[in-house]
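For reference, TrEMBL has these:
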TRANSMEM  78-101  transmembrane segment
TRANSMEM  107-129  transmembrane segment
TRANSMEM  136-156  transmembrane segment
TRANSMEM  176-196  transmembrane segment
TRANSMEM  203-226  transmembrane segment
TRANSMEM  238-256  transmembrane segment
TRANSMEM  268-292  transmembrane segment
TRANSMEM  304-321  transmembrane segment
């Protein structure tokens, strides 16, 4: 056969794998046709290769769009789960009840009792999720119950408030004004100076913002709850600008808390964030309530000390429960290995 004769290209001549590659070069004479120099069919080859590339890009884009659609569907698939709705409704009812509690009891009593939710969660997880509640977990729950009982038995009486203007008067006294200014200054300092530098490495930055803002949130929530209680009893409190101011503070502070608490939980271990946040948030809330509502003015020293001891007992139980929460999930062999490595 002459050197320049065209030789039909078949699949057997292709060193490339796959039928698509064969389709591209099929019929091309890369070795010269009718005396033309070798490579005369390269232009057509490149053109077909370009068309294939565009086709592949289009297929990839379609696959990507399909994947994004599936991701969006999967992202919101939990909305179709009855169990998720049951949990969400239960949580909403619990938050409404917690909100109502501030209208009938002092914040110094309501806030520390939030530790009881940890006990309920641990017990339900033991029976429903089969997460074993070990001996240290039981001890932590007992400490939380003992501390909560101590606080309930020695809690101060709720002051009789007949108008939201009384709450406004308490909030505008020099002591609480000074506390609010310090909180705002510290929050701005943390956000502007420390978050960009240490937010991803020091948990206390995010948790500190949440706790400081949370203390103002609770005071405003209590004022709003009192306004709703008085309005329901026939004395409309929403005719006063102070009620709307407290509502604005609640919304603003809640959004800020949720933002930075989510950042803390997303960046650091939940088992560490939860107890630290509980301790800081509860301590600052008690301090703010003591300044604004002067809860301890009507109590003697022994009652105050007993309440503080109850609070410390709750903190100990909460810390113990979170610190040892993974012990029940490890096998005896893993526990022995962990103990040996720690020693």
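Every residue gets a Cβ built from N, Cα and C, even glycine.
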Same-chain residues near the transmembrane segment (78-101), Cβ under 8 Å, at least 6 residues beyond its ends: 110, 114, 117, 221, 225
Distant-in-sequence neighbours of the transmembrane segment (203-226), which means Cβ under 8 A and at least six residues beyond its ends: 99-100, 102-103, 107, 111, 161, 164, 167-168, 171, 176, 180, 183, 186-187, 190-191, 194-195, 237, 242-243, 246-247, 249-250, 253-254, 256-257, 260-261, 263-264, 267-268, 272-273, 276-277, 280-281, 283-285, 287-289, 292
